[in-house]
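K.L.:
Relevant sequence annotations retrieved from TrEMBL are reproduced here:
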type	residues	note
DOMAIN	51-280	domain 'Peptidase S11 D-alanyl-D-alanine carboxypeptidase A N-terminal'
ACT_SITE	86	active site, acyl-ester intermediate
ACT_SITE	89	active site, proton acceptor
ACT_SITE	141	active site
BINDING	260	substrate binding site
DOMAIN	362-404	domain 'Peptidase S11 D-Ala-D-Ala carboxypeptidase A C-terminal'
């Protein structure tokens with residue numbers, strides 16, 4: 001018995017000598033994990049935004065956008081700010097829908113009744129339903145209807161402009177500045193700077209994306225902008241009005257379903273619109289698209305842009321079911337309990353996240369996939385722990401990042417575990433167990 005106990009104590013002493021240094025290191029500061037980057041390139045990067053005007057557009061600025069993601073598919077001076085005329089009214093309309101009620105009574109002020117053509121011709125004190133004014137606004141582009149709506153919703157033209165600019169900022173439209181609700185050319189001095197009523201083609205398309213796809217009032221917006229004609233009266237029933245939709249593209253092109261025209265002397269002709277084809281939704285914006293007598297330039301440009309998108313871009317699932325390597329774990333406890341065996345843990349992509357990444361891409365466009373995981377980990381690690389990322393890029397920009405998580409854990413190797421393990425194995429040895437059982 002004494003011999004067996006002596007052998008056991010000797011084994012524990014040797015173990016302490018062997019693991020002493022490791023034990024001190026375990027108690028010290030953990031090393032910083034270095035990451036290894038494994039990149040899988042599929043094809044060559046191909047830009048989708050055109051730097052040259054290969055479509056020979058009339059517009060000074062133009063953009064074609066994937067409405068579902070906001071990705072620019074074609075651009076021409078799309079980030080240059082220009083006056084936008086009555087395309088402004090898509091913002092006026094969506095704010096009125098979000099802040100007001102269609103059954104609201106709206107009264108014409110002297111300011112509203114003095115707005116220039118195109119106008120409804122309201123008189124000071126006349127009353128209308130907000131719903132009727134929105135059709136007047138979007139179908140006939142009446143400037144007095146826009147001012148009545150602005151004063152009703154914002155309390156004043158200036159108050160409503162504040163709402164417009166706040167919404168623009170919320171949508172990421174950093175190059176847009178609103179002064180009027182109807183889009184008439186205007187400038188003002190603010191914060192020591194002279195600012196012009198203006199936007200960019202890219203910002204205007206982003207606002208349209210919001211109106212048709214993201215706003216809680218998108219259904220009402222689409223119903224108004226898709227209506228061919230509409231009739232109404234003032235609330236006293238003294239005068240009747242008929243409105244016809246001037247978005248000619250609705251009849252010219254299959255798939256066109258919403259939009260707004262515009263013109264001022266400073267802006268020229270402008271247009272913002274949306275079209276769909278086989279589940280794909282596109283928005284376009286045109287600024288400075290000719291001056292009289294070239295009213296039809298915008299329709300030519302609009303059709304070119306939409307057709308370019310429909311012919312060139314298609315949905316493709318680019319998600320790749322990657323096989324990830326196991327990650328070594330320093331100072332971890334082997335599952336077998338054998339200290340001479342390396343400790344590794346497996347990992348998975350995304351956990352419960354949907355394994356689908358469908359993008360609107362041109363045939364020649366390819367997505368690159370980059371996997372970032374550590375070269376090694378330091379125990380303890382737990383199942384489900386985030387340790388890296390799988391990154392999808394298109395034209396150098398990140399379009400999606402999936403988290404890499406551990407599929408199993410590993411406890412930390414300690415002296416206490418080593419002693420317990422060696423003692424357990426020693427007392428289970430043939431002969432030792434019999435000796436101990438006799439006491």
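Every residue gets a Cβ built from N, Cα and C, even glycine.
Automatic prediction, not curation, is the source of TrEMBL annotations.
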K.L.:
Give the residue counts of the domain 'Peptidase S11 D-Ala-D-Ala carboxypeptidase A C-terminal' (362-404) per reduced DSSP state, in the order helix, strand, coil.
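P.N.:
Helix, strand and coil residues of the domain 'Peptidase S11 D-Ala-D-Ala carboxypeptidase A C-terminal' (362-404) number 0 helix, 28 strand, 15 coil.
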K.L.:
Can you give me the average pLDDT across the domain 'Peptidase S11 D-alanyl-D-alanine carboxypeptidase A N-terminal' (51-280), rounded to a whole number?
P.N.:
97
K.L.:
Specify the secondary structure state of residue 89 (active site, proton acceptor) as given by DSSP, simplified to three classes.
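P.N.:
SS state of residue 89 (active site, proton acceptor) = helix.
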K.L.:
For the C-alpha pair, I'd like the distance in angstrom between the residue listed as 'active site, acyl-ester intermediate' and residue 141 (active site), rounded off.
P.N.:
7
